[in-house]
């Protein structure tokens with residue numbers, strides 16, 4: 001941290017900060033938008049220390065844009081100080097996110113022609129205040145420096161610079177001060193009183209048609225008494241008259257009856273020739289060059305930094321370091337050779353001065369989201385796509401194997417396996433237990449079967465999942481028979497006995513089934529499958545059999561054979577139904 005006591009500052013240093021008093025060719029203007037802690041990690045710093053409040057001010061230094069330049073070298077193009085900002089007092093626990101800044105612009109006048117390429121140095125200083133400060137002290141907080149390229153009269157240029165823990169946002173521009181004009185402020189506009197053309201070596205000013213443009217060197221001390229309005233000089237002790245004036249001091253108006261340097265015939269009867277178009281009309285010289293008429297042609301006087309017949313070639317070389325943001329300069333070191341900047345991928349422009357919005361080119365395919373990380377681009381792909389630019393479509397079954405007879409299914413931006421019965425998981429490698437969810441209600445026992453699952457219902461319940469209760473009186477034990485099969489009303493009294501016989505037959509069949517299972521020997525108590533070779537009764541066929549019993553006059557037998565039923569190992573009488581399970585277990589990959 002640089003710390004200087006104001007009392008010890010030499011007068012020469014303070015005078016170096018002040019604006020020069022000579023008539024400037026133009027003014028460089030700087031606008032500070034914000035200064036504060038940067039976006040990096042950590043707690044934001046306070047510009048003041050523990051000794052009390054402080055306030056900020058800025059110093060601007062302009063130097064020629066050379067490739068190697070010592071920080072201590074003089075500000076050859078000019079320097080200036082801003083006003084002091086409002087007093088800032090640190091508040092504990094409150095981050096210094098927005099610091100109070102000085103009002104107005106920082107102006108740096110320049111005397112010579114504007115170079116176009118220059119070095120800009122901005123210093124942020126702190127003035128410590130308060131009783132404990134032991135006298136005001138200036139401390140350098142931050143310093144940013146960089147090369148810039150800017151033409152006089154161009155729009156405001158914005159920039160952001162970071163140094164240490166601080167971040168500075170600012171704008172800058174260069175403009176000519178009247179009577180200077182042009183991209184380099186190398187030409188002057190002088191007033192003329194006569195409506196005729198400007199004299200030799202002069203041309204009308206573009207922004208001021210009633211004035212004449214002359215080389216800036218015409219500020220040379222002219223002959224004593226030379227009219228400042230109608231005369232000018234290119235060398236000391238000269239006095240050249242503007243058109244319409246004559247005399248040694250350009251104070252005598254030319255008679256309207258005389259003819260001046262004319263090219264075309266005037267109106268009939270005047271005997272004079274009126275001015276015609278000249279080779280310098282329209283300013284054929286680029287980049288602020290000045291045009292001079294020669295016999296049948298013209299010559300361009302180019303400002304510093306440009307050359308060529310029309311000043312169209314930049315005289316800046318790679319030795320001047322014209323490429324910004326890491327650009328590679330290609331060109332010879334000869335002052336008469338031009339240069340080309342090869343920019344890194346993130347920047348563009350003749351001097352690599354503009355950042356490229358690389359995501360605007362939409363490099364990510366198939367709806368991927370582009371992320372510009374500064375040093376590289378990254379694409380965030382949608383489901384089903386992959387690759388650096390999301391160019392690979394993964395919505396297919398290539399290379400995807402489903403085990404245990406499973407089938408790969410495409411769709412929805414993903415792949416999945418449709419598994420065979422008894423298997424599940426991502427690749428159908430996991431065995432699936434259809435009884436794991438306990439599908440049998442009211443205490444029914446579940447058995448796995450090759451065609452599905454089977455529920456063995458507890459006494460008093462029936463149905464595919466044992467969901468129906470059998471009432472003791474038989475009122476709603478089974479669905480009613482179709483209307484066409486009902487007997488006459490006189491036979492309805494036979495229904496209760498028939499239901500009683502049906503219940504007895506069911507109990508007898510269950511007992512026979514239990515005896516048959518016990519006689520089968522080993523393997524009968526697996527609890528996971530039915531006996532092979534048995535016929536699975538359907539929940540639909542059982543009510544039909546019961547209803548057929550109702551059509552008889554109380555007579556009828558139960559099931560024809562106990563071999564027609566499955567026999568789980570259970571001491572209770574249970575009703576058994578085969579439940580077709582889904583043929584596949586599908587799980588998304």
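Cβ coordinates are placed from backbone N, Cα and C, and glycine is handled just like the others.
Copied over from Swiss-Prot:
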type	residues	note
SIGNAL	1-32	signal peptide
TOPO_DOM	33-494	topological domain 'Extracellular'
DOMAIN	174-213	domain 'DSL'
DOMAIN	218-251	domain 'EGF-like 1'
DISULFID	222-233	disulfide bond
DISULFID	241-250	disulfide bond
DISULFID	280-291	disulfide bond
DISULFID	285-300	disulfide bond
DOMAIN	314-353	domain 'EGF-like 3'
DISULFID	323-341	disulfide bond
DISULFID	364-379	disulfide bond
DISULFID	381-390	disulfide bond
DOMAIN	393-429	domain 'EGF-like 5'
DISULFID	397-408	disulfide bond
DISULFID	402-417	disulfide bond
DISULFID	435-446	disulfide bond
DISULFID	440-455	disulfide bond
DISULFID	457-466	disulfide bond
TRANSMEM	495-515	transmembrane segment
REGION	552-574	region 'Disordered'
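Annotated features taken from Swiss-Prot, shown on the structure.
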residue : record         : Cβ neighbours (10 Å)
241     : disulfide bond : 20
250     : disulfide bond : 24
285     : disulfide bond : 25
291     : disulfide bond : 24
300     : disulfide bond : 22
323     : disulfide bond : 25
341     : disulfide bond : 21
402     : disulfide bond : 23
417     : disulfide bond : 28
440     : disulfide bond : 25
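Residues within less than 8 Å, Cβ to Cβ, of residue 379 (disulfide bond) and separated from it by at least 6 positions along the same chain comprise 363, 364, 365, 368, 369, 370, 371, 387, 388, 389, 390. For the disulfide-bonded residues given as 435, 455, the lowest number of other CB atoms within 10 Å of the residue's CB is seen at 435. In this structure, the CA atom of residue 341 (disulfide bond) is 80 Å away from the CA atom of residue 446 (disulfide bond). Taking a C-beta cut-off of under 8 Å and a sequence gap of six or more, residue 397 (disulfide bond) has these contacts in its own chain: 408, 409, 410, 415. Taken residue by residue with DSSP, residue 455 (disulfide bond) is part of a strand.
Taking the Cα of residue 402 (disulfide bond) as the reference point, the closest of the disulfide-bonded residues 250, 323, 381, 435, 455 is 435.
Residue 291 (disulfide bond) sits 107 Å from residue 455 (disulfide bond), taking the Cα positions as reference.
A strand conformation is recorded for residue 379 (disulfide bond) in the three-state DSSP classification. Residue 323 (disulfide bond) falls within neither a helix nor a strand when secondary structure is assigned with DSSP, and so counts as coil. Across the structure, residue 285 (disulfide bond) and residue 241 (disulfide bond) place their CA atoms 24 angstrom apart. Among the disulfide-bonded residues 300, 417, 435, 440, 446, the ones whose Cα sits within 10 Å of the Cα of residue 457 (disulfide bond) are 440, 446. Using CA atoms as reference points, the disulfide-bonded residues 241, 417, 435, 446, 466 were checked against residue 300 (disulfide bond), and the closest is 241.
Counting other C-beta atoms within 10 Å of each candidate's C-beta, the disulfide-bonded residues 381, 446, 457 are led by 457.
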